[in-house]
Amino acid sequence: MSDDLKKSRLSVLSSHFTHLPPESSVMASEKEAALAAAPSDSPTIFDKIINKEIPATVVYEDDKVLAFRDIAPQAPTHILIIPKKRDGLTGLSKAEERHTEILGHLLYTAKLVAKQEGLEDGFRIVINDGPQGCQSVYHIHVHLIGGRQMNWPPG
């Protein structure tokens, strides 16, 4: 992916963070982005990706979820898996019993995508929740990370 495309995507993402100007987003840390983010009923960057308003490198899609490559990968393989409908599920702490099917489908999809990506030796699944969990987009999403040895503790 070209640097210009990455900067363009980061600029769009930064528009969701009211106190960060677009040019600063390139240097903003994940922690700063998480602290600047807030839950909202407004469309998220993920909604815009689902609606094809923002380009993404899609690696898997079905009627319920979309999986695409992260624009700032933390490992050789870093894929985000999102439900196509938020349905109030902005983060794991907001999950209700009615969300169990989509939560299970997100994890099952992570397994399918991991196999598709050749991650037979293992991978990590991460779900950030809230500001202290470093969540920067309030549309639940699963990070599938692999292709290298992970370290512990993670954060």
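Our numbering is plain: 1 for the first residue shown, then up by one each step along the chain.
Cβ atoms are placed via backbone N, Cα and C, with glycine included.
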The annotated motif 'Histidine triad motif' range in TrEMBL, which must be one of 44-48, 99-103, 139-143: 139-143
Distal contacts, the motif 'Histidine triad motif' (139-143) - CB-CB under 8 A, six or more residues away: 44, 46-47, 70, 74, 78-83, 86, 89-92, 94-95, 106-107, 109-110, 124-128
Predicted model, mean pLDDT over the motif 'Histidine triad motif' (139-143): 97
Long-range Cβ environment of HIS141 (active site, tele-AMP-histidine intermediate), under 8 Å and at least 6 residues apart: PHE46, LEU80, ILE81, ILE82, ILE127
